[in-house]
Amino acid sequence: MNWHLLSLPQIIDQLETSTEGLDATIAQQRLHKEGKNEIADTKKKTIWQMLLHQVTDFMILILIAAAIISGFLGEVIDTIIILVIIVLNAIVGFIQEYRAEKAMEALKGMVANTSRVLRNNKWSDIPASDLVPGDVINLEAGNIIPADVRFFESHQVKVDESSLTGESLNVDKNIEELPEAEYALGDRSNMGYKGTFFTNGRAMAYVVETGMSTELGRIAKMIQTEETATPLQKRLTSFGKRLSVIILILCIVIFGIGLIRGESIIEMLILSISLAVAAIPEALPALVTITLAFGAKKLVKNKALIRKLPAVETLGSVTYICSDKTGTLTINKMEVQEVFEVPMIDNVPFQFKNNILLSAMALNNDVSKDKNGNWIGDSTEVALVKYAYDHDIKRSILEKELPRIAELPFDSTRKCMTTFHQTNNGILVITKGAVDTLFQKLTVAQRTSIDDFESKVNAMAEKGYRVLGYAIKTIPFLPDYLDADEIENELTLVGFAGMIDPPREEAKQAVKECKEAGIIPVMITGDHKLTAKAIAKQLGIVTSEADLAMNGTELNQLTDDDFEKVVEKVRVYARVNPEQKLKIVSALQEKNQFVAMTGDGVNDAPALKNADIGVAMGINGTEVSKEASHMILLDDNFATIVVAVRHGRKIFDNILKFIKYIMTSNSGEIWAILLAPFLGLPIPLMAIHILWINLVTDGLPGLALASEPAEPNIMRRSPRDPKQNIFTLGMSLHILWVGLFMGLVTLGMQAWAIDQDKASWQTMVFTVLCFSQMGNVMSIRSEKESVFKIGLFSNKPLIGALLITFVLQLIIIYVPFFNTVFRTQPLTIIELLITIAVSSLVFWGVELEKFIKRRITKKS
Ligand code: ATP
């Protein structure tokens, strides 16, 4: 449908709607008929695909084939058991993948946008996915257009359609009907398209298409779905590939040795393939997703909503947190403390005469009162209006004689806002804004007093007050086009007001924590340099002369190279435009810093996108900034970023522990089987034992490591280098030596048991390997601290997992049915105790390793 060519009455006709919006019941019916206003994810895996994915791994297929061949050759029980274990493995893998997917979906659901819609002539906010054709919606700067719409009221509307048309310049939109012709998407000036950014102005519009019928829906298949693999997953996948090759070679060696020793070909084949299946850590990337997704779930409880999963992993690497001041570092509850009125001003409307400053305060704002009498609106404006109101100057009364007829809305680049009021003989223009900006717009006559004004402003700013000025002028008539540069000029300053916005108490604590953790907190604000510096001092961001403060103009004057030289010393940026945030991010990144940057406005989006962690504000942030971010602060609070960093570090630690555990266990199994022939021992384990260990012993306790509490020193060590290899020398050595030790302990048990002529030697070996891993997992919980210090029982899920594994192992040893299945034999109590004692050697070994590490760190 060519919606852009229709007239507004035709649109109303077609959509069977009106300027009062749809009837709620009709909207419900349409939703049922048209479906949700959502873009279907064409790349999403179905449950069947997920299930199939589990068993189509190349190695698993070979194992199934080998097991079936062995079945035909007579080992039917073995075949069945192997198949059962493979099925169990697939189910576990499927559940993991499914849960990861669900957790990701839940996260996506939480960031769903809402829309302001008019139904039954009443405005309300509903999920954007519930919009239907015919709905009337309101759009303002910062919104993402939720569906394809046709504007019917517009005020200085600009839309960024680059996501759809590739055109990077903002396009103007209006309500004009277009003459019959061919129009490219970008030229349809009366239409707004789903997914594009509403960057300026305000508008009302009819929804004309929703969901897959929108232009975005049409091209959805062409849009590449976002890259979801995290850096860690990518590295694990490529590492996994290299490791698979090594493991395959080792398995071929084991197979070869077996043949030389005269073992049965088919048995050796199944054994070596089982070993390969068990030892190749193909599930690691999926497990990392689960850990990250669950970590993200925990973060939501802590008021940090993760939009992009890799952020969970990279949070721990943050070295700089660049934060907005107002509302994030401060409480955003302002109160006017002092005002200064410029004496003797001529040429003002008579209604204004006695209280010029207070009247300007009452008139120039977008504040209103809700039905309970509370002020609603921007907190700066609320403070100013309230001050006037408390001094008996009320907007409702003033506006009767000086009605507002137009406005130039506030924007943080201009740093001011202007309202136009009708008077008996012309138009009164009132501009309010950052004082230093206003000073540049004054009449020649008043410019002589700027020094005087400035010293008064500075005195207020040094106390940490935000100072806003008011200036006025009269013009004969309202111009057709409101050009800010032209209008906000030749103004007469009438006075200014200083207000406090106290720092958040929790932010002070968080700043301290940051510094201990090697993270540098930086304040970025649109406010005055002196105000910003005073607040930064109160928060502990600035503590010495070496901590620099810089304002936007100074920043502009520096070349990129010069800026890079000082960027690491700057702690406060004042009077900066959102565009300059990008320069700050880039300079810090040039210096190899890992930057978290907050932002709330439309213009913050590029900086948020480019920061390593872009942080948007959940309460006061625009949709566009949220869309560009990696993480959203649900409480707009700086302290929450620090909490998120702490969690990020913990989650990453736990992933590393998890990888270390799985790899050590695998290494143990390989060493045991590889070394046995060289020590003149028979093959210690059967294929089903290996598969069992892989399924139960590795899986359950390994996953429980994700619940490990944070290590006590977690926020007292430096941030992790994001480029650092996961397999550090320490980790690789650990995997090799603990694996070797585990293998030798197992073989020692085997040698002894065979020497003692114990028929149950293989059960003992199998159990020792299984229990050794449990000892290993206990000890691996802390990088350096003794388990006795961090508390044996401080990770409850792990204790649960160990108990289950222990009981399952006992069932295999003592229940006759499983004796047949797993070829085990019941152990005597003494034998069981011996296996437990021998298995504990690995635990003590790892504890000894940590003890030595602690000694070395103490000495250095
Ligand atoms: P932050 O510290 O988070 O950057 P900020 O409020 O200081 O927040 P902006 O919102 O960009 O940053 O405001 C920049 C400046 O513009 C403020 O310091 C103030 O002087 C001025 N200002 C803020 N709000 C208004 C407003 N509603 N009308 C006119 N001027 C305003």
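Just so you know, glycine gets a Cβ as well, placed from its N, Cα and C.
Feature transmembrane segment, per TrEMBL, maps to range 726-753 of the set 334-361, 726-753. With a threshold of 8 Å between CB atoms, the same-chain residues lying at least 6 positions outside the transmembrane segment (79-98) that come near it are 47, 50-51, 53-55, 60, 63-64, 67-68, 70-71, 270, 274, 283, 286-287, 290, 687-688, 691-692, 694-695, 699, 821-822. Ranking 51-73, 243-262, 726-753, 798-817, 829-846 by CB pairs under 8 A with the transmembrane segment (268-294) puts 243-262 at the top. Of the ranges 243-262, 726-753, 798-817, the one with the most Cβ pairs under 8 Å to the transmembrane segment (829-846) is 726-753.
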